[in-house]
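Notes follow the structure.
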DNA sequence: ATGGCTCATACGATGAGA
C-alpha cells in the first residue's frame, strides 16, 4: 500500500497538479493539507473520476484537510479532540479496512505559530499537546496508526538549509522541538527520518527569494507511526520533483510504501 | 531585502502562510 501526505496549498489552484500526480503515482491513500476550501467547493468530481473516494474537512479561505483513498473508509472523524472552541479545520482521521484488520490514518495541519509573541504560538503549543493526548489514546488501541501531515516543525538543525535564520521562529524554537519529541516519546516512529538520511532533505521551499533555486528549504512534513505500522514500512520518499512543476505547491509529497493490502 | 511570492476573498487591498 502506498500512503502519501501533501500540503497542496489551495486545492482549486492545484487540482490539475494533484490529478496528474495521482494518475502517475497511484497512491492508495493521500492526506492533504491547506485545501483552502469549504467542503461544498472542493473539486471532488475530478478526483472521483480517477476512482478515488474523497473526505474533506474544510473551512472558508484557509486551513482545511482531506483524505483521498482508493477505497472508502469505514469511519471518518473531523477535528482534533480536546477543545470545542477550536474551529480551525486542521485534522481529519479515517479508518480503512485492510487484510488482517484496519489501518488508521490522520491528515494533520499543525498550526504555524508565528509570530511567536502573538496568541498564535501558545495556540500551536496547545494544539501539539492536544495532538499528544489524542495520539496516546489511539496508541492504546494497538492498531497500525499513521499521523501524517504538515507539522510546521523543523526537528533538527540538519532539517533546514540555514539554521541560524530559523533560530527564533515558531517552527524551530526549542519548545516546539521539545513538543515534537514528546510526540515521538509516546512511542511514535518518525518514518521519514527513520528510513532515510534526511540531512539536507527538504519538503518545503518558499515561493520567495529564489528559495527553490538555492535549495533554501526546510523539512516540516512528517509521518509519525505506531509500531504496528512502522514494522511494515518498505520505504519512504520525498517527491521533490513536483516542486519544479508549473504552478507548484510550496510543499512536496511524502510517500510511504507499507506492507498492507486492501481488504 | 526591511518576507523578494502565492492563494483566497472578492473585484482592490488585505490576511495568511513559513
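Heads up, the Cβ atoms here are built off N, Cα and C, so glycines get one too.
Annotated features, as they stand in TrEMBL:
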- A:4-251: domain 'Endonuclease/exonuclease/phosphatase' (DOMAIN)
- A:7, A:34, A:150, A:152, A:250, A:251: Mg(2+) binding site (BINDING)
- A:109: active site (ACT_SITE)
- A:150: active site, proton donor/acceptor (ACT_SITE)
- A:152: site 'Transition state stabilizer' (SITE)
- A:221: site 'Important for catalytic activity' (SITE)
- A:251: active site, proton acceptor (ACT_SITE)
- A:251: site 'Interaction with DNA substrate' (SITE)
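Take the CB of residue A:251 (Mg(2+) binding site) and look out to 10 A: across all protein chains shown you find 24 other CB atoms. Taking the centroid of the Cβ atoms of A:7, A:34, A:150, A:152, A:250, A:251 as the Mg(2+) site, the other same-chain residues with Cβ within 8 Å of it are A:9, A:33, A:109, A:204, A:220, A:221, A:249.
Neighbour list (residue A:34 (Mg(2+) binding site), Cβ cut-off 8 Å, at least 6 residues apart, same chain): A:7, A:8, A:9, A:10, A:62, A:63, A:64, A:109, A:150. Cβ neighbours of residue A:221 (site 'Important for catalytic activity') (same chain, under 8 Å, six or more residues apart in sequence): A:5, A:6, A:7, A:149, A:150, A:151, A:192, A:203, A:204, A:251, A:252, A:254.
The Cβ of A:250 has fewer other Cβ atoms within 10 Å than any other of the recorded positions A:109, A:150, A:152, A:250. Annotation note: residue A:109 (active site) sits in a strand segment as assigned by DSSP. Classification of residue A:150 (Mg(2+) binding site) by DSSP places it within a strand.
In this structure, residue A:7 (Mg(2+) binding site) is part of a beta strand by DSSP.
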